[in-house]
Amino acid sequence: MTDIIQFHDVSHRYEGGHDVLSHVSFSVKQGEMVFLTGASGAGKSTILRLVALIARATRGQVHVHGQTLASVKPRHIPAYRQRLGLVFQDFNLLNDRTVFDNVALPLIIRGHSHRDVGRQVRAALDQVDLLNKEKVYPLTLSGGEQQRVGIARAVVTKPDLILADEPTGNLDPEMAHEVMRIFERFNQVGVSVLVATHAIDLIKAMPHRMIHLEHGRISMKVPLSVRHAGDFPYA
Amino acid sequence: MPRAAASSDRRQTFFSRLLEEHARVFFFSLGKLWQNPAGTLLTALVIGITLALPAGLHALINNVDKLSYSWEGAAQSSLFLKDSVSAERGKDLARELNARPGVARTTYISRDQALAEFRKLSGFGEALDILDNNPLPAVITVTPMHKQSRDEINALVTDLSNLPEVDMAKLDQKWLERLYGIIDLLQRGVMVIAVLLSLAVIVTVANTIRLDIQARREEIIVMKLIGAPNSFIRRPFLYTGLWYGFTGSVVALIFVGVGMAALTGPVQNLAGLYESNFSLSGLSFFAVLQVFGAGIVLGWLGAFLTVSRHLSKIEPH
């Protein structure tokens, strides 16, 4: 299987600041689901920001879809991001538009026809069990529902890579669990998923690879074999 | 698996999809303005007043211009014929001149007619009786056609004065030339005002859109995060500028219309006192189009300038 994400000795430094990421190397295979764990400030979000080209590596190489990200010009960033599905901690929904319009946005950006948009938006909402909420505004929904709208928006264009930054950070445990299960469902149909989270309890029972960060460095990689054996390093 | 859904889209041509997208943004931006009627109306009012000033002045000057045309008859030239020219030849000459390009009308006034007229109008009739013969020459009055430049009219009069039958030609239009001069000056003035106020419209729209961009900063960041190119994010703002310009034009035309209506009564009254049937005419169809065109182009331009400047500064981080 080919790698969808590769980090080769990547460092990232804020201008005039310290390294928030130093000498990080790892890869995510096509169709794999991986958790990035660690305390806040450990560099989880930075990794996702580098993959989404919200930030650029100061040193080292990042490859996504086999493409060297350092060579992506600023004007090609929108087209690059269109191949990703991004899910955020605070949902980042547009609150003045209906659920339907929020989920439709990535399709409209890509210039899909009217008919096509309706069909695909309903398919995406169906996958997150929100088909009956398409006409309501996000703020009338619960946090878990809003995050599911966010996921529907991320998957409506059928990306082969989903990046989620603390997707359950603002949710109660039950909703958080539901959201993680949705990510697993997409992973089961072949979508690669990279989730940054510090909710160790939540992912304990989920058999996926983990990459643990401390102070901008990878301190532990927990391979699938270990996870399958039910051995959990933080217990 | 990711691109399968796009296949049905490919059947649609690039052009029709672009059209659909523009139609969507066209109504979307109108809907956004509709949601904030007070703010929209205020901006439209400012643009309207700004556009109404040059449009109104333009209309007034056109009316003065029109009025001056109705005095054009006064710009006639008088050809004094030599005494040796017979009355028959004089009448023929008047007919010949009438056929010349640039000549609207000629009238032959025989020496006898001239005398009779002078007798009637001057009050020196008795004095004339002392004279043995009629001292007045025969005259052909020539009215040049409208819409000729002063140079053309002057050239015509010079030509006419060189005719063998003509003793002297006199063109009495000094006062009309002065009037034209004043109108020219006013027209130029209106143009300068129009240019300055166009800048004011651009600045007004630019500032409104700038505030709009700031208010929708979060939305712009989200759009960029999910892969929207700058052209996509820019489009609704450009249409918003266009709508501001359009609504401003409507307001401007209403102002000009109301202003004209208010002046119509007094103008007719005054014209009546001068025994003229002059009446104010409003903006022509072309001028109305110009107001709309100016509003829309300036609104779009104002939006374009701000959006281009501010959009690249807003990036997710």
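In case you wondered, yes, glycine gets a Cβ from its N, Cα and C as well.
Counted with DSSP, the domain 'FtsX extracellular' (B:78-167) comes out as 42 helix, 19 strand, 29 coil. Annotation source TrEMBL lists domain 'FtsX extracellular' at B:78-167.
Taken from TrEMBL, the feature domain 'ABC3 transporter permease C-terminal' applies to B:191-310.
Sequence-distant contacts of the transmembrane segment (B:41-61), counting only residues of its own chain at least 6 positions beyond either end whose CB sits under 8 Å from a CB of the stretch, comprise 183, 186-187, 190, 193-194, 197, 200-201, 204-205, 208, 244-245, 247-256, 259-260, 281-283, 287, 291, 294-295, 299. According to TrEMBL, the transmembrane segment annotation covers B:41-61 (among others).
Same-chain residues lying 6+ beyond the ends of the transmembrane segment (B:185-209) with a Cβ under 8 Å from its Cβ atoms: 43, 46-47, 50-51, 53-54, 57-58, 61, 64, 237, 240-241, 244-245, 248, 294-295, 298-299, 301-303, 305-307. Taken from TrEMBL, the feature transmembrane segment covers B:185-209 (among others).
TrEMBL lists B:242-263 (among others) with the feature transmembrane segment.
According to TrEMBL, the feature transmembrane segment maps to B:283-307 (among others).
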Six or more residues out from either end of the transmembrane segment (B:283-307), which same-chain residues have a Cβ under 8 Å from its Cβ atoms?
47, 51, 55, 58-59, 62, 198, 201-207, 209-210, 213, 234, 237-238, 240-246, 248-249, 252-253, 256
For the domain 'ABC3 transporter permease C-terminal' (B:191-310), what are the DSSP-based totals of helix, strand and coil residues?
104 helix, 0 strand, 16 coil
